[in-house]
Amino acid sequence: MGERLRCLVKQLERGEASLTDLKKNLEYAATVLESVYIEETRRLVDTEDELSDIQSESVPSEVRDWLASTFTRQMGLMLRRNEEKPRFRSIVHAVQAGIFVERMYRRTSNMVGLSYPPTVISVLKREHALKFIFYELLTRYDLISRFKIPISAVVSFVEALEVGYSKHKNPYHNLMHAADVTQTVHYLLLKTGMVHWLTELEIFAMIFAAAVHDYEHTGTTNNFHIQTRSDTAILYNDRSVLESHHVSAAYRLLQDDDEMNILYNLSKDDWRSFLSQPNGQRIFLQLTCAVFYSNGSQSGGREAKS
């Protein structure tokens, strides 16, 4: 979140940020802080946090007095006589919250492992996992600055993706799956060294492909669509039915609404190059899936994890 706000400050300094950008970022910050608050109240913190069960009675009175006087000295000058000074327990809670936020920052900054921390996912999966991870990677690779992507467009686009991933209430191919694959693509880009061989545009296309690769998935296989003669199968002439729909529907989001078009500021050459990436993206995504799954998809009905 800190990187995002610093990016916004830079855009404001350059005159590139609008009131809409500012509003979107404040809403994003509120969402993150709300998630942190919920996580803290549910006590989903690491067991090594020695402050999680601290009792004020176990702290020597001299230490309590020092903490209270240190943290409330200046505040006391501003309080009205009838206002009560913060108690020691409230100071402890403030310290706990600070430690929790710092720990969450460390973990979201360490996204290069396949075993992504479950406590982080438990926060992210409250309907916005894809938003957090997608933005984090665009920021980490400096793609927002490089391609002059309005932050408001990023937020609007990913929120639309999340709606699409939830459209069919798919128990597997949902926004958490999209977030999983997007983070895994990042892992493989780094661990295979491919990040050093790809251009910024290709990295952008790869992250984009991972985020949209199962957009509006129906939870059924291509063969199921073909055998039932679904509208989607007819539209794509029985060829790569779902894959074609995922990409087409995602690009339609960009085309139909400039406010969520994260490719708006690409040059014509970059735009054409971006659109020419699907084959390479698909191969890479297949390799990504192979890391996790060894079984092929079923021939019909509900789809296997693939």
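In case you wondered, yes, glycine gets a Cβ from its N, Cα and C as well.
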According to TrEMBL, His213, Asp214 bind Zn(2+) 1; so which of His177, His186, His245 is the extra one listed there? His177
Need the matching range: TrEMBL marks coiled coil on one of 5-57, 111-163, and I'd like to know which. 5-57
Does His177 (Zn(2+) 1 binding site) have same-chain partners at least 6 apart in sequence with Cβ under 8 Å from its own Cβ, and which are they? Tyr165, Asp214
Cβ-based neighbourhood (8 Å from the centroid) of the Zn(2+) 1 site, residues His177, His213, Asp214 excluded: Tyr165, His173, Ala178, Val181, Ala210, Val212, Tyr215, His217, His246
From the Cα of His173 (active site, proton donor) across to the Cα of His213 (Zn(2+) 1 binding site), what is the distance in angstrom? 10
Cβ packing number for Asp214 (Zn(2+) 1 binding site), 10 Å threshold: 24
